[in-house]
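Asker: I am attaching a structure below and will ask some questions about it afterwards.
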Amino acid sequence: MKKIRCALIGSGNIGTDLIYKIQRSELLEPVWMVGIDPESEGLTRAAAMGLKTTYEGIDGLLPHVLEDEIQIAFDATSAYVHAENSRKLNELGVMMIDLTPAAIGPLCVPPVNLKQHAEKVEMNVNMISCAGQATIPIVSAVSQIQGVEYAEIIASLSSKSIGPGTRANLDEFTYTTSNAIEVVGGAKKGKALAIINPAEPPMIMRNTIYCLTEGEPDEEKITASVLAMIKEVQKYVPGYKLVNGPSFEGNKVAVFMEVEGLGDYLPKYAGNLDIMTAAATRTAEMFAEEILAGTIQLNPVEVAS
Amino acid sequence: MSDLNGRKVILHDMCLRDGMHAKREQISVEQMVKVATALDDAGMPYIQVTHGAGLGGNSLQHGFALASNEEYIEAVASRMKQAVVSVLLLPGLGTMKELKSAYDSGARSVHVATHCTEADTSPQHIACARELGMDTTGFLMMSHLSDASSLAQEAKKMESYGANTVYITDSAGFMLPEDVTQRVTALRDVLKPETEIGFHGHHNMGLGISNSIAAIAAGASRIDGSVAGLGAGAGNTPLEVFIAVCERMGIETGVDLFKTMDIADEIIFPMMDHIVRVDKDSLTLGYAGVYSTFLLHAKRAAERFGVPARDILVELGRKKMIGGQEDMIQDTAMTMAKQRGLLKQNF
């Protein structure tokens, strides 16, 4: 069966983990890996796994896009260079999946709003953050039943799973995730907290979701909605598990989740890495299905100068 | 007089920040003004004023205070004759937007706090504080979990981002005086001579005073505490006691002892909802090395789920939970309640 050919930009933890996820896909094929450091472990590994590689950044990839029929690219670099990467690839008709906090395209949480984005043929969709992917489905599950005045999420991440980029830019993570809790999760106000825990052995990613509902929460319907949503996420992240809750206290709903990864590149504790790459892969697959079925077509984006 | 005769130390009062934990964030603006003006009058050089968890602290995770941080800071800062108002900022919770807003409200000093192994989550915030011209401290929480040389490396990172002071923070009140001596000495060895070292103690093992003295003897020049010890767990180093000890040893704080004693008895003590002291739960924090702020959360969870607070605290210590993971207290209590047949899954 024909597969959609993909390029991965950024050879850090996320980019490297994506190779494994995409190689397993029935709809996607990883063809290029783009880095900026010829010595990087990610590029060496990509080459060993059969990908074409360049260490000249995005410009090293551009001349090969058309001949290698690249249609989807994943950007796991940084918010600072993403806009430029996206512009250059969109011009060549390549659809962009943004794993940085740049968020220039619409925010995507697969079980909540992916279908709408694919139908609109968005040429750039943003994956928010690992905490966003792990918590917004639950906020949405509650807000589908009842209005949510305020939602707050706490992500506990193991120290070993957090790369230097995220560490140096924690504020961007906070802003992007808080905003997405409102825009995608459907809460009137959102707040995101991140904790980096250095315990050994490393702790598995944990997420707590609090929602304040408008009026007394409908416990039965909210519980059913949350459980159904967890099943949806488990389709692409099997290690997405409910530990405690939904627990109700006044109009506060509390849900305690754990995310165990598949252990592709980083070990299983790094569920935060997995949920991000799995959501990005799921997003690309949805677009790929439509492209292969001929229901959507990617066109070069003309940029007004 | 002791060997420390003539040493100068800068005191930093925590009643209106760490004390917020002990008051479940329910100190009013009027009470803050009353406490702060009395401290200012006694000569306290630095007074920290924010939600217990600092900037951005208002949350379900950490509780909602009676007023915004800006309202508290403005009300206090506008009335200070000599004291500098400081704030706490934990990256991952508070952001640079909130730091700028605190500065606009009158804060001129900040503790930028990270867990003791995660200093590299603070460069943006420390640099931002320096750019604003603030007195900038890097604050290494739960310092007992790191050995002296690793801690010194983290301190060095904070110094490189621009911190003019680095604190060793005994958030769990776990350290013994020799632990403090080793850590301060290790920091003094690697930091620039002009970079100050501070110590922030908790009194969970009754060692707030002796640990602070050990810190000064090893080269620290800034000490956090709170008058009457109003703070998380068994409280911070009680400053009126500490000042009395300093006077006996010839250490100069510049703060009036009798005025501070009066503030402790007449203003702070009557404010307490519970007597902040070493009891079985706060002692458990110190003994097991658990974050002091977890105390009241654990007591609440104990009441709700029927698992004793001490059992919950020991389990949190075993799971190596750190400051900011207050959500894991309810989670842990629920898991323990299920194991003990006290709670059924609700579906």
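Using N, Cα and C of the backbone, Cβ positions are placed for all residues, glycine too.
TrEMBL entries are annotated by machine, without manual review.
Among the features that TrEMBL reports, active site, acyl-thioester intermediate is placed at A:CYS130. Summarising the annotation, TrEMBL assigns NAD(+) binding site to A:SER11, A:GLY12, A:ASN13, A:ILE14, A:SER161, A:ILE162, A:GLY163, A:PRO164, A:GLY165, A:THR166, A:ARG167, A:ALA168, A:ASN169, A:ASN272. As annotated by TrEMBL, domain 'Semialdehyde dehydrogenase NAD-binding' applies to A:5-120.
Show me how these features fit into the structure around them.
Answerer: Following the DSSP three-state reduction, the secondary structure of A:CYS130 (active site, acyl-thioester intermediate) is helix.
In the three-state DSSP classification, A:GLY163 (NAD(+) binding site) falls within coil. In sequence order, A:GLY12, A:ASN13 are the residues of the chain that are 6 or more apart from A:GLY163 (NAD(+) binding site) and have a CB within less than 8 Å of its CB.
Summed and averaged per residue, pLDDT over the domain 'Semialdehyde dehydrogenase NAD-binding' (A:5-120) gives 95.
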Asker: Using the structure shown, find which entry in A:SER11, A:ASN13 (the binding-site residues) has the sparsest Cβ neighbourhood within 10 Å.
Answerer: A:ASN13
Asker: Kindly report the helix/strand/coil residue split of the domain 'Semialdehyde dehydrogenase NAD-binding' (A:5-120) according to DSSP, in that order.
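Answerer: For the domain 'Semialdehyde dehydrogenase NAD-binding' (A:5-120), the helix, strand and coil counts are 50 helix, 26 strand, 40 coil.
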Asker: Chain B proximity: which recorded positions among A:SER11, A:ASN13, A:CYS130, A:SER161, A:GLY163, A:GLY165 have CB distances under 8 Å? Answer 'none' if there are none.
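Answerer: Answer, by Cβ distance to chain B: none.
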Asker: List the Cα distance (Å, whole number) between A:ASN169 (NAD(+) binding site) and A:CYS130 (active site, acyl-thioester intermediate).
Answerer: 14
Asker: A 10 Å Cβ contact count, applied to the binding-site residues A:SER161, A:ASN169: which residue has the minimum?
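Answerer: Checked A:SER161, A:ASN169; of these binding-site residues, fewest Cβ neighbours within 10 Å: A:ASN169.
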Asker: What Cα-Cα separation, expressed in whole Å, is found between A:ARG167 (NAD(+) binding site) and A:CYS130 (active site, acyl-thioester intermediate)?
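Answerer: Counting only the Cα atoms, the answer is 14 Å.
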